[in-house]
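Sharing a structure here in structure tokens format.
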Amino acid sequence: MFYQLGLIGYPVEHSLSPWIHQSFLKNAHLQGRYDLIEVHPEKSLGDILIELKEQHYTGFNVTVPYKQKIMPYLDKIDTSAEHIGAVNTVIYRDGNWIGYNTDGFGFVRALEYRYPEVIEKTNIQVLLIGAGGAARGIYAALQMKDVERIDIANRTRTNALKIAKQDQTKVKTDIYSLEESEKRLNQYDIIIQTTDVGMKPKQHKSIISLQNLEQPNIICDIVYQPISTNFLKNAKQRGAKILQGHLMLLFQAQRAFEIWTNQAVSIGKMDEQLKQLLEGR
Ligand code: ATR
């Protein structure tokens with residue numbers, strides 16, 4: 001079997017996905033290729049899907065600005081993507097294009113990989129900062145674990161309420177403003193930054209101040225450009241353990257690769273290699 005894979009988005013030229021998936025193909029000893037497919041906003045996504053079918057694509061990833069726009073063109077949407085309201089992975093199976101979302105799952109795998117002891121604890125208390133698509137995916141994926149509380153801190157309260165109302169099952173959730181959350185940092189085992197504040201070219205910004213942080217908790221940032229955000233640098237200075245964003249990038253890709261190939265693949269040395277790639281940028 002030859003795996004014909006790719007990424008649709010606009011722009012896509014700086015994407016790390018080709019490197020990641022070509023490494024997975026190598027690690028799994030599979031034949032295939034992963035192409036960047038730049039889709040100009042004036043092009044029809046319906047036409048793109050016809051072209052990809054004609055070219056025998058196994059599947060593809062979806063990035064900005066098509067993660068939501070692609071949904072009406074697909075034949076089926078997996079619950080992971082329906083729930084989040086966005087698709088990042090598509091597979092062509094039995095004559096149907098099927099959409100998935102691997103972001104939240106990828107985050108949880110990254111956490112388990114770096115800090116396996118923490119995710120095995122019971123009654124875990126989490127603070128999620130931000131209430132966009134990434135936050136929704138992480139909120140949903142964390143519910144599969146033994147998490148007792150996932151509070152949400154966000155600039156716009158109504159957006160945080162939407163996640164809590166739609167997704168809440170057995171976990172407890174309170175909503176805070178960003179300022180309020182700064183006073184409560186020591187109550188959490190894990191704090192996860194999911195906004196793009198701190199990402200290049202806004203790398204000098206930090207979503208909240210960590211000056212009240214005293215507990216040795218785990219602080220995560222999903223931003224990976226730069227790989228050490230200001231937020232993570234501050235966390236480290238205060239004695240926290242940190243989880244860098246490139247690991248979520250790697251593990252959401254691993255999950256996508258498993259969906260396409262139906263087989264497990266190891267990340268091998270890709271954690272270190274990806275770190276070096278990002279540091280060189
Ligand atoms: P994604 O799908 O990548 O998560 P998104 O849906 O646009 O992106 O969500 C972005 C999140 O970052 C939101 O929680 C947004 O806050 P609002 O709900 O108030 O819009 C948050 N965000 C983005 N820029 C921000 C800023 N400068 N200050 C505070 N929050 C910000």
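Numbering starts at 1 and runs along the chain as it is shown here.
Cβ atoms are placed via backbone N, Cα and C, with glycine included.
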The shikimate site in TrEMBL includes Ser15, Leu16, Ser17, Thr63, Asn88, Asp103, Gln252. Which of Tyr3, Tyr115, Tyr224 is also listed there?
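Candidate listed by TrEMBL for the same site: Tyr224.
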Based on TrEMBL, name the residue from Ile218, Ile219, Ile222 that is recorded for the same NADP(+) site as Gly130, Ala131, Gly132, Gly133, Ala134, Gly245.
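TrEMBL names Ile222 for this NADP(+) site.
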Using DSSP, how many residues of the domain 'SDH C-terminal' (245-275) fall into helix, strand and coil, respectively?
22 helix, 0 strand, 9 coil
Please go through the binding-site residues Ser15, Gly130, Gly133, Ala134 one by one and keep those whose C-beta falls under 6 A from any atom of ligand 1; give the result in sequence order.
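Checking each Cβ against ligand 1, the ones under 6 Å are Gly130, Gly133, Ala134.
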I need the most crowded of these binding-site residues: Gly132, Gly133, Gly245. Count other C-beta atoms within 10 angstroms of each C-beta and give me the top one.
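Per the Cβ count, the most surrounded site is Gly245.
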In angstrom units, rounded to an integer, how far apart are the Cα atoms of Lys67 (active site, proton acceptor) and Gly245 (NADP(+) binding site)?
19
